[in-house]
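Only one structure is covered here, and it is reproduced in the block below.
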């Protein structure tokens with residue numbers, strides 16, 4: 001028999017602030033409600049005493065650098081794939097010259113997404129079980145080691161070429177990167193005050209925009225360093241792509257010590273101790289009852305056999321049974337909690353189908369606006385530099401501003417409002433770009449750039465940021481990292497579907513001739529994201545315990 005709490009979350013909040021002296025029903029307050037009241041008072045004191053200090057700045061810096069580093073590692077593959085075409089296919093004939101075959105291009109671009117999906121699930125769960133900061137440090141060490149190993153990828157044996165080796169190392173790299181998603185969001189969420197929590201989480205995530213820009217900047221610098229050698233022998237580009245990948249470990253190395261010395265938040269420590277104590281109290285009472293009444297005195301053999309020991313013990317405990325922490329399956333077995341997890345997961349999946357479908361293939365957009373150059377006639381150094389510049393321009397025009405508009409408005413507009421607005425605008429923009437793709441490009445390249453820039457803007461001043469922020473707030477502390485990891489993994493599944501599925505169709509009917517239909521498909525996914533957002537609660541200005549309603553974590 002489960003315990004039904006006689007107080008609403010609002011009632012207990014009122015009592016904790018001294019405005020209610022007794023149960024609104026007129027009954028004496030249950031001792032278990034007093035425990036919850038004490039717990040809420042402790043957490044309120046924790047939130048009230050949360051101030052921006054050096055320790056907070058250090059944690060935000062570490063987490064921000066993590067996402068800069070992750071974005072660099074993920075999106076540098078656009079430049080690397082282009083360079084690999086010159087290195088390994090410079091002597092191919094016709095249209096295949098200087099271009100990585102589609103199967104290898106897909107393989108190396110999808111690798112990190114596969115690893116991320118696995119890392120988000122596994123390391124996210126470990127973050128709840130082992131501790132946030134322990135797993136957070138381990139994920140960085142995995143990423144550093146595999147980044148360096150990726151830079152030394154080479155053909156090993158016959159049938160095991162450089163692309164397969166690079167794929168393997170980048171899957172492992174993705175596993176390390178995957179842990180950053182749930183753990184970063186959870187760490188920042190549990191340290192920040194309710195008034196600044198959304199701003200801090202989104203600011204950390206927005207460093208991803210700097211990583212997107214840093215990758216092509218490094219590409220330009222390294223290419224310039226080897227320019228004369230590249231122009232004399234294109235095979236010298238082999239040094240360039242390895243350096244671009246290898247330099248990606250430097251931000252992580254710079255913050256490794258800080259990660260290793262981070263401590264779990266007091267909120268996490270309090271919650272895990274409380275859940276363990278609640279379960280231990282009931283287990284102890286059960287053991288005492290079993291020791292004192294092994295034969296369940298007062299019952300005949302027939303009555304004893306008719307009821308299981310568990311049922312008899314439950315009856316004996318009655319209303320004195322201590323509050324027991326729900327398991328993950330018990331908590332999310334209830335629709336009101338499951339729909340929130342489905343909402344965060346489906347929204348992230350829908351968003352990433354379009355986000356990674358476009359951003360992992362930015363060269364298509366650069367080519368569409370006439371900025372790419374000629375891969376067969378231009379000097380390799382010129383072609384690479386021009387494409388890197390195009391990537392920088394695209395990101396600076398829409399992506400980076402979108403991130404930071406969200407940072408400065410999320411506490412005013414709210415997470416749900418921004419996500420609904422973003423999905424709504426993206427639906428409209430992808431419909432326009434999809435159904436009028438060729439007409440717009442034929443009549444006005446500038447018009448296409450404006451529409452594409454708006455789409456990039458509303459990706460980030462919209463669901464790309466909020467799908468990361470919301471799962472870090474709307475789940476209980478004991479399940480927060482796990483649930484965020486599930487939501488993020490759903491997003492990476494969307495990225496895999498986009499790159500491994502939809503983007504394979506882009507050349508149907510001729511080179512890039514199916515892009516308009518892909519944009520139409522992306523519009524449909526944005527519409528799905530819009531509707532599932534209504535399953536998600538608004539978390540603006542609320543404490544983590546108010547959002548999750550802590551009563552629901554125990555029975």
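Just so it is clear, glycine is given a Cβ too, placed from its N, Cα and C backbone atoms.
So that you can see what the record holds, here are the features copied from TrEMBL:
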- 59-541: domain 'Major facilitator superfamily (MFS) profile' (DOMAIN)
- 60-86: transmembrane segment (TRANSMEM)
- 106-123: transmembrane segment (TRANSMEM)
- 135-153: transmembrane segment (TRANSMEM)
- 159-178: transmembrane segment (TRANSMEM)
- 199-224: transmembrane segment (TRANSMEM)
- 239-260: transmembrane segment (TRANSMEM)
- 294-313: region 'Disordered' (REGION)
- 388-406: transmembrane segment (TRANSMEM)
- 418-437: transmembrane segment (TRANSMEM)
- 444-462: transmembrane segment (TRANSMEM)
- 482-502: transmembrane segment (TRANSMEM)
- 514-536: transmembrane segment (TRANSMEM)
Seg_contact(the transmembrane segment (418-437), the transmembrane segment (106-123)) with at least 3 CB pairs under 8 angstroms, min sep 6: no
Chain residues outside the transmembrane segment (388-406) and at least six past its termini with a C-beta under 8 angstroms from it: 78-79, 202, 205-206, 208-210, 212-213, 215-217, 219-220, 223, 362, 365-366, 369, 371-372, 418, 449, 452-462, 464-466
For the transmembrane segment (106-123), distant same-chain residues with Cβ under 8 A (at least six beyond the ends): 73-74, 77-78, 80-81, 84, 100, 135, 138-139, 163-164, 166-168, 170-179, 181-183, 356, 360, 485-486, 488-489, 492-493, 495-496, 499-500, 503-504
Close approaches to the transmembrane segment (135-153) from elsewhere in its chain (Cβ under 8 angstroms; 6 or more beyond its ends): 66, 69-70, 73, 119, 123, 126-127, 162, 165-166, 169-170, 172-173, 175-180, 183-184, 187, 242-243, 245-246, 248-249, 252-253, 255-256, 259-260, 262
Cβ contacts the transmembrane segment (60-86)/the transmembrane segment (444-462), at least three under 8 Å, sequence gap 6 or more: no
For the transmembrane segment (239-260): best-contacting stretch of 159-178, 199-224, 514-536, by Cβ pairs under 8 Å: 199-224
